[in-house]
Amino acid sequence: MSIFDPHSLHFTHFPSLQRSLLSFSMGFFLFFFLSLLSLASSASRDHHKTFIVRVQNDAKPSIFTAHKHWYESSLASVLSPSTPAQVLHVYDTVFHGFSAKLSPTDALNLQTLPHILAVIPEQVRRLHTTRSPHFLGLQTTDSAGLLKESDFGSDLVIGVLDTGIWPERQSFNDRDLGPVPSKWKGQCVTTKDFGPGSCNKKLIGARFFCSGYEASNGKMNETSEFRSPRDTDGHGTHTASIAAGRYVFPASTLGYAKGVAAGMAPKARLAAYKVCWTAGCFDSDILAAFDSAVADGVDVISLSVGGVVVPYHLDAIAIGAFSAADQGVFVSASAGNGGPGGLTVTNVAPWVATIGAGTIDRDFPADVKLGNGKVVPGVSVYNGPGLSPGRMYPLVYGGTGGGDGYSSSLCLEGSLDPVFVKGKIVVCDRGINSRAAKGEVVKKAGGIGMILANGVFDGEGLVADCHVLPATAVGASNGDEIRGYIDSASKSKSPATATILFKGTRLGVRPAPVVASFSARGPNPETPEILKPDVIAPGLNILAAWPDKVGPSGVSSDSRNTEFNILSGTSMACPHVSGLAALLKAAHPEWSPAAIKSALMTSAYTVDNRGETMLDESNGNTSTVLDFGSGHVHPSKAMDPGLVYDITTMDYIDFLCNSNYTINNIRVLTRKNADCSGAKRAGHVGNLNYPSLSAVFQQYGRRNMSTHFIRRVTNVGEPNSIYKVTIRPPSGTVVKVEPEQLVFRRVGQKLNFLVRVQTMAVKLSPGGTSMQAGSIVWSDGKHEVTSPLTVTMQQPI
């Protein structure tokens with residue numbers, strides 16, 4: 001038994017990824033190791049934090065009537081007499097064990113007990129913060145589409161793990177819904193601010209989990225947040241309505257995006273599990289929510305939060321998701337908003353659907369007109385007191401207004417000189433504080449408007465925000481142009497001027513979809529042979545429900561109320577797929593979570609509404625599989641994919657064996673006893689029956705390299721089908737598929753095929769990486785089952 005198994009970092013297998021991987025997880029592991037190394041110091045220097053403890057469940061002595069009593073006794077046996085043995089959560093559905101606040105000394109002592117399998121330090125996660133049903137082809141008028149076939153998802157339950165919900169919103173009305181599904185075992189937890197009438201036949205369950213949050217932060221301030229499932233942030237209400245909001249008309253935000261608002265599965269039932277608070281989302285609470293959601297009977301879990309990437313057996317989300325999937329629950333999670341840089345994708349476990357973000361064919365133009373006549377494109381959602389038509393206003397850059405320059409360039413709180421900015425439009429650089437908060441800073445200092453300029457890392461991707469003053473966002477190159485104009489005007493002794501031209505809502509935007517600049521990118525930092533993200537879905541400027549008492553900008557001074565708000569993030573993309581998964585599960589109740597994910601992946605598309613490969617918003621270049629995975633979801637095609645790549649629990653265990661996880665670590669993660677001897681002989685990590693294929697080669701001076709993949713497809717189309725393969729090999733490779741034809745006699749029949757990949761070494765500098773992409777497509781004339789194939793060459797350091 002050990003708290004941490006360094007072998008599971010897998011650095012030995014992918015040395016050229018070592019530095020990048022460390023940038024993701026070093027903070028986590030440094031804390032962990034330094035905490036444990038400090039045990040030699042005095043007890044007064046021990047810092048307590050929350051740990052999640054995996055226990056051998058069947059080892060409970062019969063003297064204990066309940067597992068909680070046994071856990072408390074185990075704690076008491078290692079704690080000092082003056083320290084209470086307080087269990088925060090007991091887990092018994094997706095995980096066997098408990099969580100508790102411990103010092104590193106306590107954690108070390110606890111893991112010496114024979115029935116303790118692992119002691120896992122808690123992570124704090126962060127939120128990855130409408131025309132989208134129409135854009136995805138989901139319309140109420142369809143006579144034979146996915147909505148019709150699934151009865152709009154009416155008997156399915158989507159569990160949303162987030163900031164809670166505002167139940168009074170019309171998106172959650174239960175008009176014309178049938179009775180609550182008989183399988184439902186959940187609760188609607190009532191409090192003084194979340195009464196008995198908060199739940200209905202639409203919102204059928206609501207719980208909150210705050211023990212982990214309060215263990216780390218002290219008792220919550222109930223004047224600023226509710227000790228209940230009620231949402232005081234807005235994020236959870238927004239994501240829940242994206243997944244399963246009812247049809248609401250008219251809907252808009254401050255007059256923008258007028259039309260009908262609807263979720264992906266309008267008749268699916270919702271269960272809200274509040275796990276995120278003002279200080280973040282704590283692993284012990286998230287795992288407790290997974291435990292309750294699966295026991296309650298949800299069919300889909302939607303989770304729009306993330307943290308640093310760690311080995312799967314140390315990742316509470318991966319642990320909870322594994323057992324959820326094992327019990328038939330589809331889990332979708334946001335990929336993260338760390339883009340456009342590579343190796344930024346999170347929630348990368350192969351049993352989780354990892355969702356990136358794309359644009360839709362709608363935006364909110366708000367252009368900047370400069371005094372020299374130049375018009376610079378921007379975006380914004382603003383409808384308050386505006387700038388006078390035809391008038392030009394003084395324009396300044398915050399970074400030249402005194403102070404340390406850096407803080408004022410970012411328009412941080414208190415950094416702007418009111419004498420310098422009063423009555424002017426202020427250019428603020430993006431970073432540190434929120435985009436809308438910068439506008440509040442400008443407004444407090446007397447500025448009349450703001451231009452928010454992307455930094456180099458942000459690129460040209462634009463996010464429309466509900467600002468508290470006239471403001472717009474511009475890309476990095478246009479930000480440089482505006483600053484250059486200000487500098488030029490200053491040198492010529494003529495005042496720089498500008499105005500902002502708000503143009504409302506624009507539809508039919510081309511190109512669309514585009515991979516959102518912020519959407520996290522691959523490769524997968526934990527398992528490079530599993531392509532992540534899996535797919536992308538609408539995540540930019542999405543209209544969805546919003547609570548009372550939270551201004552649409554999210555800043556404290558914003559007292560405006562709106563029933564809907566426009567937000568962006570992979571947080572918004574994830575619930576699109578959660579809702580689609582519910583529809584697919586309703587249409588195909590026999591499909592496993594892996595089969596549903598396969599249908600979404602193999603039917604995804606990679607071309608935009610111009611008929612060309614999707615672009616990368618950050619730079620305008622053609623995007624790649626590392627940006628969009630298998631592509632953008634295509635709901636109607638996912639309903640009838642032809643073939644699916646199914647994955648069993650034992651397949652995942654073989655994958656973990658081939659990934660060099662120890663038997664104990666596999667048991668911690670899966671609650672299963674594994675025998676890795678056969679798995680290691682059977683193949684390699686890339687042989688998991690995943691719908692995408694990724695080969696990773698270490699060059700090590702070799703000129704010729706090869707590998708193979710074994711895949712198994714299940715016929716979910718028509719009997720007596722013949723599928724023929726089309727190979728689009730990655731550049732510089734030779735790819736062969738055996739056999740080249742699959743003949744299915746019946747629905748449900750499974751057939752295997754072999755993919756051989758040969759390549760030659762390429763010139764790379766030490767630590768360098770080169771990736772080429774292609775695809776394998778199986779077609780019977782009606783269905784096209786597409787799998788991305790990537791080949792990555794790495795030059796060891």
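Each residue, glycine too, has its Cβ placed from N, Cα and C.
Annotated features in TrEMBL:
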TRANSMEM  21-40  transmembrane segment
DOMAIN    50-128  domain 'Inhibitor I9'
DOMAIN    153-620  domain 'Peptidase S8/S53'
ACT_SITE  Asp162  active site, charge relay system
ACT_SITE  His235  active site, charge relay system
DOMAIN    393-482  domain 'PA'
ACT_SITE  Ser571  active site, charge relay system
DOMAIN    687-791  domain 'Subtilisin-like protease fibronectin type-III'
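Between the CA atoms of His235 (active site, charge relay system) and Asp162 (active site, charge relay system) there is a gap of 7 Å.
Asp162 (active site, charge relay system) sits 10 Å from Ser571 (active site, charge relay system), taking the Cα positions as reference. Shown for the domain 'PA' (393-482): DSSP residue counts in helix, strand and coil, namely 28 helix, 22 strand, 40 coil.
Around the Cβ of Ser571 (active site, charge relay system), the number of neighbouring Cβ atoms within 10 Å comes to 31.
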